[in-house]
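Marked as region 'Disordered' by TrEMBL: 1-23. Here TrEMBL flags 31-49, 109-133, 139-159, 166-188, 219-252, 264-283, 327-347, 354-376, 388-409, 421-442, 814-836 as transmembrane segment.
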Amino acid sequence: MSDARHISLTQPWRHDPTAGTRGGAMRSRPVLFIAYLLLAFGIMGANPFRGESITPLDVLVKQHAFSWADEGQPARHGERSDVLNGLLPYWINAREQIRSGHFPKWNDIAAGGVTFLVPTYSMFTPAFAVFAVAPTPALGFHLAIVLNLAIAGFGMHLFLRRHVRLPAAICGAATFMVCGFHAAWLYWPHVHTSIWAPWLLLAVDGCTRSPGMRSAVGLGLATAMVILGGFPFVTEVILCAGGLYFLVSWRLRHPHAASGPSPLPWYVLGSAFGFLATLPLLLELHGWLQQFDLGYREGRGSYLRAGHMTRLLPPWAYQHKRVEQTMYVGLLLTLAAAASVLLMAIRPRATPRLALFAALLLVLVGGLVFGLWPMWLVGWFPGMSFNSWSRAIGVLDIAIILLGVTLVDRAWRRAAGTGALWIRILVLLLVGAQIAEITHFFRRYNGPAPASYFYPEPPAVSYVRSRAGPFDYVITDRAFDISGEIGAFGLRDWYAHQLRTPAHKRLLDDLVERHRVSHTASRFPAKAIDTAAQALADLNVRYIVVDHPDDLTRGPARENPPSRTPLPPQPGDAWVQHFDVAETDLPVRAISVRLATYAERSLKGVVALVLSDGSGNVLGRSAIDARTVKDNALAEFHFPEPVVLQPGNYRFALAYRPLEAPARHLTAWSVPVAADETDQSLFVGTRPFPGSLEYVLHVGDSTIGHYRRVFMAAGISVFENTRAPRGPYFLRGLAHDADPAAGSQVSIVDYAADAYTLRYEGTRSGFVVVPASLGRGWQVAVNGTAVAPSYKHGLLPAIPVDGPSQIVFEYRPWQPPLLLVWLGSLCGLLGSMALLGRHQSKARARGVGPAP
């Protein structure tokens, strides 16, 4: 059996002689990529032509605010909410900016505003590019994740084909696509980063086999993509793995290759090119992080211990469905990897280069993942004491896969050498079983979900969107699970999932008690909000959108009735409920009626309510989308303005107008009426019906603190702050309080996320306070003169003004001189590569020995 170290370095993109045919030849690569793309589509299982997208959208509709859109599909995995309140709202915001013709530099939605010009949101990736250009966000999300899987599998296939034959390469590539790390973290920046690991190894392999400018540029591009993936710790571990592979490959080069140019300068130059290409984003990331207190992240180590190694094997891998612990790569490859290690111990001199690299990687990364290395040993290395080492599971999976495929390839080559067809058939069957099992494991976490689950807009959100201005903020409670999901609808949220400055943290802690579920995320009930706090007005939190019961109600649905009788279903005759009012000037904000859908979900149509007086004069109308009707729950019909009733007799009629054929049925409940409740009479069309509709009137002025209930639907209420300035506002001094009058003197001349102009119309001197967070790179000018803002609450920029003023804000993090220096450095580095390559070519032509 030939040693896989004995390879030809004369053609950088060809396989080892031990790897068989030229499956990676340039002409076959497009077909190969398409094959992995189709495989990725098949694994995800979503059919966009049938209105399907992918998980974790199934988690979203399990939340109370979106439950009306739930079609009953069980959620595959409940730990996937971070994507819904973190990454996806950012992507949606950037997508909208791009599609409106604006390059996204600043996210004005999340936590007062954050920069887009950092790698951590995975926006500089092919996946986001697909998401941005797709016709719909739901389809774009699906295509982005499928593309990531295809990139992972295709890259691993190309890398493995330099070392092993086709069956082993397919086995390793398909397994890497859907390995445990990818199954658990599929939508996070972790995977947007890890998919480029085999491409980096492939580029390093090319650099060691055929050192030169072409291979160095390829290495630089791969390095850049690993950086742009977006998760710094995973990036660091992958780059270190690439360095380890370079050292192993350099040390074990074929003797004939040693007479050629040294790969070391090309490796250094290629890596430098990758870092330099992404330097503006890295510098912006460094500067952006400086504003936060991240001391809590020091000395983290790993969440896992040696006992968690059981997660590499069934049944434990299947029993513990936790994101931070998922590392399974399939039983066959795990056992094959163990056998490879045993063979290396028995015959160390016959160890292939790939297996040696994988074994070293397994030891080093396994020690990180399972917390075997003490902090004093590795904590000094940049980034190692700052992150959870368990996030290196992706590289651990790569090490196991590489070890496993070397044994699969050894078995295949042994069968080829002996001509034993049955061994080949057995290997193919085992490879098929491996791919089938790991795909089944992957689908326990990920799969199809209705495209309608992609942020279905609750009626309460629609109400706020139609009224909120550019600087109006919203607070949501745990009906939306983790704060930040509201950003997917273009609404600002101070509590959005994001790093927070010390001043920001203090302010949020004062306004909502015990809101933090982590240092960057919040989740809380509505009652935890201090609705009487003045700081809510200072921050211009105009709305809170929460699950808050309405105690100001009257009607038969207030108490559990002794019995219920269904009314004749609609579509059909309208249900008409009569009632009397004895009070004077009784404001009715809404009417809620308990409806039943016969256990159906997502009815298509409109349910309309018309309130009339005894003479039939219409006093108010309200209509709701039938999709928001939940079976056997109160459906709220809110009037645009409260209807003020005087003593007398009134009635409301309820009618369902379906927009589907055949129409599914909708009914309501009749409840018994007490003998003294002669004012309650019910009709179906013109026919009397026993009892009364189960309904309530929402009366009076419902307030909590400074907030007044202005809307309710689908179980969610909207409260509006009566003290909010509704935008930027003027204060004589920073100790003064914001109120509606303070906002009347400041107008918005024009607005974009990264540049806007305000106009102060007053004559007094003071400060124009902007309810936003301005990071580094923002410039402010008053009447054409640059000014440095003061800050209210240590967070809100306060611009000094003296009489009528025009104030211009612009986000310009990269000044033209610095960009020119950066571009010049890139060109200089490429020029240096060209000169080095020319020098080495001349040296080889003169017959000079290896370059230094």
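Cβ atoms are placed via backbone N, Cα and C, with glycine included.
What TrEMBL says about a protein is an automatic prediction, not a curated fact.
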I need to check the long-range neighbours of the transmembrane segment (139-159): which residues 6 or more away from its ends have a CB within less than 8 Å of a CB in the stretch?
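Beyond its ends, the transmembrane segment (139-159) has Cβ neighbours at 24, 29, 32-33, 36-37, 39-41, 43-44, 46, 48, 52-54, 88, 95, 126-128, 130-133, 169-170, 172-174, 176-178, 182, 186-187, 191-192, 194-199, 201-202, 205, 401, 451, 454.
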Pairs of Cβ atoms less than 8 Å apart decide it: which stretch in 31-49, 109-133, 166-188, 219-252, 814-836 has the most with the transmembrane segment (421-442)?
166-188
Do at least three CB pairs under 8 A connect the transmembrane segment (31-49) and the transmembrane segment (388-409), leaving out pairs fewer than 6 apart in sequence?
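Output no: the transmembrane segment (388-409) is apart from the transmembrane segment (31-49).
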Using a Cβ-Cβ cut-off of under 8 Å, list the residues of the same chain that are 6+ residues beyond the ends of the transmembrane segment (354-376) and lie near it.
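Residues 4, 163-164, 237, 241, 244-245, 248-249, 252, 299, 301-302, 304-306, 308-309, 327, 337, 340-341, 344, 385, 389-390, 392-393, 395-396, 398-400, 402-403, 406.
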May I ask which of the stretches 166-188, 219-252, 814-836 has the most CB pairs under 8 A with the transmembrane segment (109-133)?
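Highest pair count goes to 219-252.
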